[in-house]
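**Student:** Before I ask anything, here is the structure I am working with.
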Amino acid sequence: MLYSLVKKYLFSLDAEIAHEKVCQILRTLSSSPFLCRLIHSQWGYKNPKLENEILGLNFPNPLGLAAGFDKNASMLRALIAFGFGYLEAGTLTNIAQSGNEKPRLFRHIEEESLQNAMGFNNYGAILGVRAFNRFAPYKTPIGINLGKNKHIEQAHALEDYQAVLNQCLNIGDYYTFNLSSPNTPNLRDLQNKVFVNELFCMAKEMTHKPLFLKIAPDLEIDSMLEVVNSAIEAGANGIIATNTTIDKSLVFAPKEMGGLSGKCLTKKSREIFKELAKAFFNKSVLVSVGGISDAKEAYERIKMGASLLQIYSAFIYKGPNLCQNILKDLVKLLQKDGFLSVKEAIGADLR
């Protein structure tokens, strides 16, 4: 009831202004351990059936917040309090950048979806590291999503990813290389097997922490499988599928620029993930993201082969009790099918 009133006010504002107001509150909350405990007592949820150790990291539950919400790693403590099993901060770039021109964030309310053309706006890796360390250590795993600066030419992309990773080596529990945002010119062209191989070979020499590749939902299936295979062969520990889509047919009134996320992406993301899991389940850690807004969809993705999940748009539309609702209902679904833990259900449809 309370969030419905808050949501009504926030949705009366420009989408990016509303987001920044929420971020200001979350940054303030992060500075207060007492308030974070209070939030967690209201909206957190803990159940041993949902716990899992993956790549040496202990996840209290499989539901994470996707990159893009906390771009500068400045409100992680407050976000954890809402019940997420892990968070992904960023996207951070080596040098600060302002992103694309405003307006660049839009709501498609009927479809419970968002369209963003942000363009990796962030304060840069140095300040991101400083913000991260302010409240570290954290109670859940934290991933760091890394991107290329807009002004860097393709020929120097590998050096740029090397530079931003180097800046972030002392923060986070895993790293995700973002080659799939549609909002940096030509970035998606880097989703080819040669560059991906070079990228992960380079990264494996720099860190022993887990490395993930985040892919676009708009790749042809064969191309996607080729790129993913190249990443895994070069040392990638996991694949995150998927980023936002540029398929404008999924909403009634799309804007010219930007990627779509939310419910409009559910079917497309699920189909891509199904093909990914058929080829790479048990060969890599698979993370499903895109249009997950309830326990039923979360459970389907887990049975399809997802060890972990991420949400974003649904958190905007459904509010702070979303994690708790999904996780409680997920436990019921596991029990109904006779699974003793979420770990047992991963990939059940493939067995």
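Cβ from N, Cα, C; glycine included.
Given the structure is predicted, the values throughout are model-derived calculations rather than measurements.
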**Student:** According to Swiss-Prot, Asn116, Ala117, Met118, Gly119, Phe120, Asn178, Asn183, Asn243, Thr244 bind substrate; which of Lys71, Lys278, Lys283, Lys296 is also listed for that site?
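**Tutor:** For substrate, Swiss-Prot names Asn116, Ala117, Met118, Gly119, Phe120, Asn178, Asn183, Asn243, Thr244; of Lys71, Lys278, Lys283, Lys296, the listed one is Lys71.
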**Student:** Of the residues Asn121, Asn145, only one is listed by Swiss-Prot in the FMN site with Ala67, Gly68, Phe69, Asp70, Lys71, Thr91, Asn178, Lys214, Thr242, Gly262, Gly291, Tyr312, Ser313. Which is it?
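**Tutor:** Checking Asn121, Asn145 against Swiss-Prot: the FMN site match is Asn145.
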**Student:** If you measure from the CA of Gly119 (substrate binding site) out to 10 Å, which recorded positions from the list Ala67, Lys71, Asn145, Ser181, Lys214, Gly262 are inside that radius?
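**Tutor:** Cα within 10 Å of Gly119 (substrate binding site): Ser181.
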**Student:** For the recorded positions listed here (Asn178, Ser181), tell me which residue's CB has the most neighbouring CB atoms inside 10 Å.
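**Tutor:** It comes out as Asn178.
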**Student:** Find the one among the recorded positions Ala117, Asn178, Ser181, Asn243 whose C-alpha lies closest to that of Asn145 (FMN binding site).
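**Tutor:** Among Ala117, Asn178, Ser181, Asn243, Asn178.
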**Student:** Which one of these binding-site residues, Gly119, Gly262, has the sparsest Cβ neighbourhood, judged by other Cβ atoms within 10 angstroms?
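**Tutor:** Counting other Cβ atoms within 10 Å of each of the binding-site residues Gly119, Gly262, the minimum falls on Gly119.
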**Student:** Given a 10 Å Cβ-Cβ cut-off, pick out the one of the binding-site residues Lys71, Lys214 that has the most other Cβ atoms nearby.
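**Tutor:** Compared across Lys71, Lys214, the most Cβ atoms within 10 Å surround Lys214.
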